[in-house]
Amino acid sequence: SDRRYVAWLMLVTLAYNWNCWFIPLRFVFPYHSPSNMIYWVAVDTICDICYLCDLLVFQPRVQFLRGGDIISDKVEMKKFYYSSVKFRLDVLAVLPFDVLYFFFGFNSAFRANRFLKHNSFFEFNDRLEAILDKAYIYRVIRTTGYLLFILHINACLYYWASDYEGLGSTRWVYDGEGNMYLRCYYWAVRTLITIGGLPEPQTLFEIVFQLLNFFLGVFVFSSLIGQMRDVIGAATAGQNYYRSCMDNTVSYMNTYSIPRLVQNRVRTWYEYTWDSQGMLDESELLEQMPLKMQLAIAIDVNFAIVNKVDLFKGCDTQMIYDMLLRLKSIVYLPGDFVCKKGEIGREMYIIKQGEVQVLGGPDGTKVLVTLRAGAVFGEISLLAAGGGNRRTANVVAHGFANLFILDKKTLNEILVHYPDSEKLLMKKAKVLLKEKGKPAPGPPVQQPRGLASLFGQKQETPKLFKAMLGGRGKEGLAKLLQLKRAQDAQVTPQKIQQILSGAKRDLHRADGKTTAKTPASWEITTVPNHSKAQAEKQPEQPKQPEQPAASSAPPTQQPKPVPVQRETSKDSLIISMAPSPRAGEGEILTVEVKEKTK
């Protein structure tokens, strides 16, 4: 991938193409003359110098692999090159057969050994494709060059056949008029592509030559067309996949009568995703690479963004690397809700591209803040305990927004291997949650100065005293009476007396112990020794002999007395409710009457 070496290979390739194109041309066409002989020799000499420098300077310094190790020792590199087949071909390619010019005259056929430098030509093609961003463009140009070169060779053969038969001797051969090379090239194109409309061959040689030319043309032309189709197909494979996915999705939506508005949004998502990142799912491309290469790409693309998150500062670097591999990229259209108020937050969002707006206010349409590329929100939801943390506002994509998402499940799977980082994140999460739950700060409290700072802060004055001190004369007394009445209204047992009024209506005493049935099926028992009555709510049913209580019955819950002060009596009435010790018999109402102590 060294660009300097690729540049040198380009010079060698230019020299190789000069020999490939002009050696056949000069061998067939009479383009040599004493006036231009020096120019041909000068260019040939430059090409030979390039071949020789490549043989002596560059190729012995090319590194190679041995058992998976890159060998960079100069002695070892020379030995490897000198023992290779490429070295033998390079030596044959620079042999100076040109000296035969002095014995047989100038003839480009003596330079035919220059064709043996083909290894450098193909090496240049491979290395150039490796460093190009759009290598398919070069592949198309190279395939077109192959086609033009084959047509060039066919034109040279046609002129040679015409010269062999005699220029202008028949209608089939070249008649010697006009530009000889262009006329022959035109004939080669029409023959090789089998267009037709050519003069019929007359002699046996012409017929055999034409038949071979047709057979060769069909084979070569079909091969080049197939290769061109493969090159263009590989170049547009991603585009074809995108179109196929979009067409299948549209067909699915039409089958189920999806509304037109939804279909337009789906099309918009496809178009924007493809235009912005050149593929629909980046993870499909990365999955084909080794884990180390995936990590290297993820660090270059996402590390600068994740490193800005305060929540992950101080964590293990390897944990952050693992997290980078688990980030998911999602594209939101303008107006899409990223998250809604009241939802359970299970993800953290990192803005890769675009903007989002946080909405609030009474109607939920007021823009509270606009977050741009590099901003992070929802990080508290990753570590919230007890079922998650509810979103407190709506977040909407302002335009096209590309966000990274890290869910809570993925983070927990990563933290299993990094307990120290997990503890640090839990501490930070508690601090963030505590800060989030603090009320809005009020006005600052002024600290006492001087001797007043030696005493504690004064307690609040009771309301009764405030009422007495707040007014004078009848005004202050009136406020005091109002507060007194309010307190009495809070403790007056009016509702309880209404409940007991029906029970007391039929109550009568007999020998210190009285039992009566109330209209509401209440059974009330009065015990004079303790001034206590128990009432049990039961459905009316025929009397049966009493059964001993089962040992498995739950213990009777001790009722909690609720003292109530009556307004017209000197006695205190305490009422309480408790479940019955017998299963399925309702509840027990306990009423206790106590005389006030004087």
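Just so you know, glycine gets a Cβ as well, placed from its N, Cα and C.
Whatever TrEMBL says is automated annotation, not expert-curated.
Positions annotated as transmembrane segment by TrEMBL: 6-25 (among others).
Within the same chain, residues 22-24, 26-27, 32, 37, 44, 48, 51-52, 55, 116-117 sit at least 6 positions outside the transmembrane segment (91-110) and bring their C-beta atoms closer than 8 Å to a C-beta of that stretch. Summarising the annotation, TrEMBL assigns transmembrane segment to 91-110 (among others).
Nonlocal intrachain contacts for the transmembrane segment (144-161), taken as residues 6+ away from its ends with a CB within less than 8 angstroms of a stretch CB, comprise 20-21, 24-25, 27-29, 173-174, 180-181, 184-185, 187-189, 191-192, 205-206, 209, 213, 216-217, 220, 224, 227-228. Per TrEMBL, the feature transmembrane segment maps to 144-161 (among others).
For 207-225 (among others), the entry in TrEMBL reads transmembrane segment.
The domain 'Cyclic nucleotide-binding' feature in TrEMBL is assigned to 311-415.
Residues or ranges marked as region 'Disordered' in TrEMBL: 500-598.
Annotated compositional bias 'Basic and acidic residues' per TrEMBL: 503-514, in sequence order.
The feature compositional bias 'Polar residues' is assigned by TrEMBL to 515-531.
According to TrEMBL, the feature compositional bias 'Low complexity' maps to 544-555.
Counting only same-chain residues 6+ beyond the ends of the transmembrane segment (207-225), those with a CB under 8 A from a CB of the stretch are 143, 146-147, 150, 154, 157, 161, 172, 191-194, 201. Under DSSP, residues within the domain 'Cyclic nucleotide-binding' (311-415) fall into helix, strand and coil as 24 helix, 43 strand, 38 coil. Here the domain 'Cyclic nucleotide-binding' (311-415) has a mean pLDDT of 84 out of 100.
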